[in-house]
Amino acid sequence: MAAKHRRYGEEDRASKNKKHVSSQKDNTTTKQTKQEEHKPPSIVVVLVCAICFGVVHSVHVATMFENDRHFSHLSNLEREMTFRTEMGLYYSYYKTLVNADSFLLGLNRLMHDNLTEYPETINTLQRFNLYPELVLGGTYRIFNAVTSWLGLEMRVCWQVSRGGGLPPVISCEGLGDPAYWYLAGVWASAGLTAAFLFIQGTELSGDLLGGFLTIICFFFNHGEATRIQWTPPLRESFAFPWSIALNIAVTHVVRAPRPVWTRPLILGTLTLLYLLCWQFAQFTLVAVVGIVYVMYTIGAINPLPMLLVLLGISYGFLNNVVLQFGNTLLVSSPLAGCLLGVLLLYLFMEPIIQHLPFPTNTGVQLAFLFVSCAACKLELSRIFGVEDDAHIINILKAKFTNYSDFHTLLYTCSPEFDFLPQESLYKLNETLLIPCVALVGGAILINSLTKIKNNMIQRLDEETAEVIIPIWSGIDPGVMYNCALLAVYALMASLIMRLKLFLTPQLCVVVSLLACRKYWKIIERREIHVAILAVLVSGMCVRGFKNISEQRSIVGEYSNPELEELIEWIQSESHEDAVFAGPMSTMANLLLSTQRPIVNHPHYEHSGLRDRTKKVYSVFSRRSAESVYETLLSMKVNYVVLEESWCIRKRRPGCGMVDIWDVEEPQNRHKPSLCPRLFHRSPAPFHRVFANDVFVVLQVPSRYVEIPPPRYHSA
C-alpha cells in the first residue's frame, strides 16, 4: 500500500514538471485522434433506442402471461388464485390498500396487521418489501379517482362461460381493474429492465452495437434470464431494473470519478430503490462493495471512486433502514457488516497496513477485508439478537457437506435452490452466449496482460524517474468491474439455480464488448468488424428465434376448481375470525381471497416464521394425532388445511415431507405417517369438515368449549 499511495502522489507532482509536458501533449493528441476515429453514441439516440426496446419487452412479457393463463377471461377469484406462494402474499397487501375506505386506513392496516401471523400483530412494511405495492396501490386510487371524476370508464366487463359444469363468471379488463393496474406496473418494470440493459451494454462497450448485442442476447436467452412473465408479483420483478441501473452508475463512477455530490446521491437513490424492492438485494450489494474495494486495494482505481461508491451505498442503506422501520434482517445483514467493516478498515487499519512492503500490504489488506466484514456482521447479529439469516449459512453448508436439517431441506428440495442444471448451460451454449463471452474474456485477458507487461517494462526503464507508471495503467476499470461481477454472479448461480436471473443478463452485458474496438485491433476496418458481428448474430438467431417462438407458443387457460371450491367453502362456512394453518403456498391464497387469519405463510426468511411453520408442518410428521393437536391448539388454530400432494407425493427421493421429518426426528421412523391418515380419515381429536380430491380441512376443536363442527362438505 505504501508503494500505491506514493504512486498517486508522485503522479500529481510530476504533472507539474515541465519535462513531461511534451509527453502529456502527445497523449492528449492520441486521445483526440481516437475520439475522432469513433465518436461516442449520442445520448438522445441511446435513450430513444432504450425506450423502444423497453416497450417491446413490456409487450412481449405481457403477451406471454396472457397466453399462458388467458388472464383476461378469468374471474377476480381465479386471477387471485393464479398468484400462488409468495405472489399471493404480496398481492394481498395491494388488495388491502385498494379496497380500504381510504389510502391512510389501508396503510394503517398494513402497519398493524394481525391476519398474516395470527395472533401476533406485525408491521408488514417492516417485515416485507412492500413498497412496490404501496406505490401501485396509491397510484391506482389516484387514477381511479381522477377517471371517475372525469366520467371515464377505464374497464370493460363481460360474462364468461367456463364449461365443465362450472358456473359463468364476470371478467373485467382495462387499467380501471385493480389486477390490470398492478400488472401494468410489473410490465413497466420489465420494460425498464430491457431499457437499462441496452444502456449498460452501450455504456460498457462505448458503442451502440454493444447495446444491440446485449438486447439481442437477452431476448434470445429470455427463458434463462427472467421469469417475470410467469411470476409477476415476485420481488425480483420490481428490483432487477434498479440492480442494472446501479451497475451502470458504478461502472461510470469507477471510470470517471468526480468529487461532486450528485455521484453518491445517484448511487444512494438507486441503492434505496433496489433494497426497498427485494430482501435479497443486500447480497448482491455486498458483491458490489467488495469488488470495488478489492479494485482499490490492488491499485486498479484510486481512493475517490471507492469512497464515492461506499458513501452512495451507505446513504441508500441507511435510508432503507429508516423506511423499513429498522428491519432486523437488514440491520444485521452481511451488507451492514460489509459497509461497517470496509469503513473501519479504511479509517483505522489501512494507515498501519500501508507501511508494509508491496505486495505483502495488498495481501494483508484483502485478508483484513474479509475478517473485518465477517466480524462486524457477527457482532451486529449478536447485538440485535437476530438469527433471521442463519439459514443461509446452513444452506451453503448443505451444498458441500452432508449437513441437513428441517429448514435446510425445505429449501434444497426446491428446484429453485438446487445447483445450476446442465440444461441451462446447454441452452446458453446453443445461442452462442457462453462461447461469445469466452471469446470476450480471452480478448480482455490478452489485452490486459499486454498492458501489464508494457507497464512493468516501462517501470523498469524509468525506475529512476519521478513518475512511476501504475501497473494497471490503460486497463479499463469499468470492464474489470463488470467481469468481476460476472464471476460473482456465476458462482451464485452455480450454487442456487434461482440466481441465474443475475448471471444470464450479465453475460449479455459482457457480450457487448464484442463491439468494443480496443479489444479487436486485429480487425483494422470498422466495416469488417460490423460484418463479422452480423455473421455472429445470424448464428445466434438459429436457436434464438426458436427460443422466442417456443415461449410465445405456450398457450393455456388457468383452472383450479378444487382450490376455488375450498376458498368458497371457507368464505361461506367459516367465521370471519377463524384461524387457518397449512402448507405455506395455500395459506397465501387463503389470506388473499378470504382475508381469514393465518399462522404461517411463504415468506420464510424470518426465524420466528420458520419456527411457526415447523410447528404447523408437524401434521406431515410421524407424531401422534394428539401431539399435533396440542401443537396446533397452542397456536390458536381453528382449522388445518391438508393438500394431497404434500401428504402423499414426493417431488424427488428424500424430499417428501415425511422424509424431511425422518431427518429431523429419526427416532420416529418406525411409526406410520400421520398425514395420510388425516387426509383419508378423521382421527380424533380432529373433525373432518371439508374434503375434495385435493384438499381436506380439519377442525381443531377447543379443549374447553365444545364447538359444533360445521356442516360436512365433500366434493
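Each residue, glycine too, has its Cβ placed from N, Cα and C.
Here TrEMBL flags 1-37 as region 'Disordered'.
Residues or ranges marked as transmembrane segment in TrEMBL: 43-65 (among others).
Per TrEMBL, transmembrane segment is recorded for 179-199 (among others).
Taken from TrEMBL, the feature transmembrane segment applies to 206-223 (among others). Within the same chain, residues 38, 40-41, 45-46, 49-50, 53, 57, 60, 194, 197-200, 427-428, 431, 433, 436, 504-505, 507-509, 511-517, 530, 533, 537, 540-541, 543-545, 547-548, 551 sit at least 6 positions outside the transmembrane segment (206-223) and bring their C-beta atoms closer than 8 Å to a C-beta of that stretch.
The list of residues near the transmembrane segment (238-254) in space but at least 6 beyond its ends in sequence, with Cβ under 8 angstroms from a Cβ of it, reads 129, 132, 185-186, 189, 192-193, 195-197, 199-200, 203-204, 226, 263, 266-267, 270-271, 273-274, 277-278, 280-281, 284-285, 288, 292, 295, 301, 305, 308-309, 312, 477-478, 481-482, 485, 501-502, 505, 509. Positions annotated as transmembrane segment by TrEMBL: 238-254 (among others).
Long-range neighbours of the transmembrane segment (266-294) within the same chain, counting only residues 6 or more positions beyond its ends whose Cβ lies under 8 Å from a Cβ of the stretch, are 128-129, 131-132, 235-236, 238-239, 242-243, 245-247, 249-250, 253-254, 301, 305-306, 308-317, 319-320, 323-324, 329-330, 333-335, 338-339, 342, 366, 369, 373, 481, 484-485, 488-489, 492, 502, 605. Feature annotation from TrEMBL assigns transmembrane segment to 266-294 (among others).
Within its own chain, the transmembrane segment (300-318) has Cβ neighbours under 8 Å at 8, 249-250, 253-254, 257, 259, 263-272, 274-275, 285, 288-289, 292-293, 330, 335-336, 339, 342-343, 346, 472, 475, 477, 480, counting only residues six or more beyond its boundaries. The transmembrane segment annotation in TrEMBL covers 300-318 (among others).
Marked as transmembrane segment by TrEMBL: 330-349 (among others). Sequence-distant neighbours of the transmembrane segment (330-349) (same chain, 6+ residues past either end, Cβ-Cβ under 8 Å): 275, 279, 282-283, 285-286, 289-290, 293, 310, 313-314, 317, 320-321, 324, 365, 368-369, 372-381, 383-384, 386, 388-389.
Marked as transmembrane segment by TrEMBL: 432-450 (among others). Counting residues 6+ beyond its ends, the transmembrane segment (432-450) has Cβ neighbours under 8 Å at 217, 220-221, 425, 475, 479, 483, 486, 504, 507-508, 510-511, 513-514, 518-520, 536, 539-540, 543 in the same chain.
Through the fold, the transmembrane segment (479-497) approaches residues 204, 247, 250-251, 254, 283, 287-288, 291-292, 294-295, 300, 395-396, 399, 415-421, 424, 437, 441, 444, 503, 506-507, 509-510, 513 of its own chain, all at least 6 residues removed from its boundaries and within a Cβ separation under 8 Å. TrEMBL lists 479-497 (among others) with the feature transmembrane segment.
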Please indicate, using numbers and ranges, the residues of the same chain that are 6 or more beyond the transmembrane segment (179-199) and have a C-beta under 8 Å from a C-beta there.
46, 49-51, 53-59, 61-62, 65, 71, 76, 79, 91, 94, 132, 135-136, 139-140, 143, 155, 173, 211-212, 214-215, 218, 226, 228-229, 232-233, 237-238, 240-241, 244-245, 248, 505, 508-509
